[in-house]
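Taken verbatim from Swiss-Prot:
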BINDING   K95, M134, H149, Q150, D151, W166, S241, R250  2-oxoglutarate binding site
BINDING   H149, D151, H239  Fe cation binding site
Amino acid sequence: MKLTEEQVAQYKKDGFLIIRNFNTTEEIDIVRGEMKKLIDELDTPSTISIFTTSEQERKVDDYFLGSGDKIRYFFEKGSIEDGKLIVPKDMAFNKVGHALHDLNPKFEEFSYSQKIHDLIYSLGIYNKALSGIMYIFKNQKIGGEVDIHQDSTFLHTTPLTTHAIWFAFEDSTIENGCLRGLPGSHTEGITRRFITDPNSESGCSFIKLAEDKQYNKSDFVALECKKGDIILLDGSVVHYSEPNTSPNSRHAYTLHFIEGDNGVIYENDNWLQSAKPFRVL
């Protein structure tokens, strides 16, 4: 599915673009069913890694840092108490990452589809490499807030070439914590990077590139989606999501891609690394 000239212009203006009915219900149900199977078959791991974007609570462990070329499971903060699950297992996870697209055949077929190739190609990115793939649960009642951020802070290239496709696997509404984006914010660059840091107790740290900006949440646009819609996101666009306190989950899938050629450098101090080069779509 190729973007029209009008869609490309809108994306370049806002830094995000909603595309309706990109995936069929059947396509989504296949990979959602596969994720259910993976969760059902998973023994509760001895390593419990809780994922949060709160800088006050962010903890980076070896399990997380080693997930770039593996399938690993990260728990929601509100699902664990004294090292034990306090919610049903299928509601306990924040996300699964970061190599589903390469290690699971169902997700591989979904992620490397021709229509995704055509979509990215129409942006003028011809040699695209996939990285940082996540299945996001945002489960009912306990789905955590995702703080205001820019994806290129975490997946940095020189020059900046990171983009993301956010797939709505369920309806995404204001009530269950839809994405919210700040139009035009991608034109101002990024203010910091998240890097591996052997001198940091956690193994990672932020480095400042420019003065942090103060944002008013009322300036952000709610990017509500129906199941099957996608959101295209520039890696520099500022976005976030509220916690999900509703009775409805908000499953989604995020696929990041970068320019894989033309002298573009994927920084070797990015937190997400793979033993093999990122596979080109």
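From the backbone N, Cα and C atoms, a Cβ is placed for every residue, glycine too.
Since this is a predicted model, take the numbers as computed values, not measurements.
Locations of recorded Swiss-Prot features on the structure.
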{"residue": "K95", "record": "2-oxoglutarate binding site", "Cβ neighbours (10 Å)": "20"}
{"residue": "M134", "record": "2-oxoglutarate binding site", "Cβ neighbours (10 Å)": "21"}
{"residue": "H149", "record": "2-oxoglutarate binding site", "Cβ neighbours (10 Å)": "16"}
{"residue": "Q150", "record": "2-oxoglutarate binding site", "Cβ neighbours (10 Å)": "27"}
{"residue": "D151", "record": "2-oxoglutarate binding site", "Cβ neighbours (10 Å)": "21"}
{"residue": "W166", "record": "2-oxoglutarate binding site", "Cβ neighbours (10 Å)": "23"}
{"residue": "H239", "record": "Fe cation binding site", "Cβ neighbours (10 Å)": "25"}
{"residue": "S241", "record": "2-oxoglutarate binding site", "Cβ neighbours (10 Å)": "25"}
{"residue": "R250", "record": "2-oxoglutarate binding site", "Cβ neighbours (10 Å)": "25"}
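Close to H239 (Fe cation binding site), meaning Cα to Cα within 10 A, are none of the binding-site residues out of M134, W166, R250.
The Fe cation site, placed at the center of the C-beta atoms of H149, D151, H239, has further neighbours from the same chain whose C-beta lies within 8 angstroms: V146, I148, Q150, T153, L233, G235, V237, V238, Y240. The record assigns K95, M134, H149, Q150, D151, W166, S241, R250 to the 2-oxoglutarate binding site, and the maximum Cα to Cα distance across that set is 21 Å.
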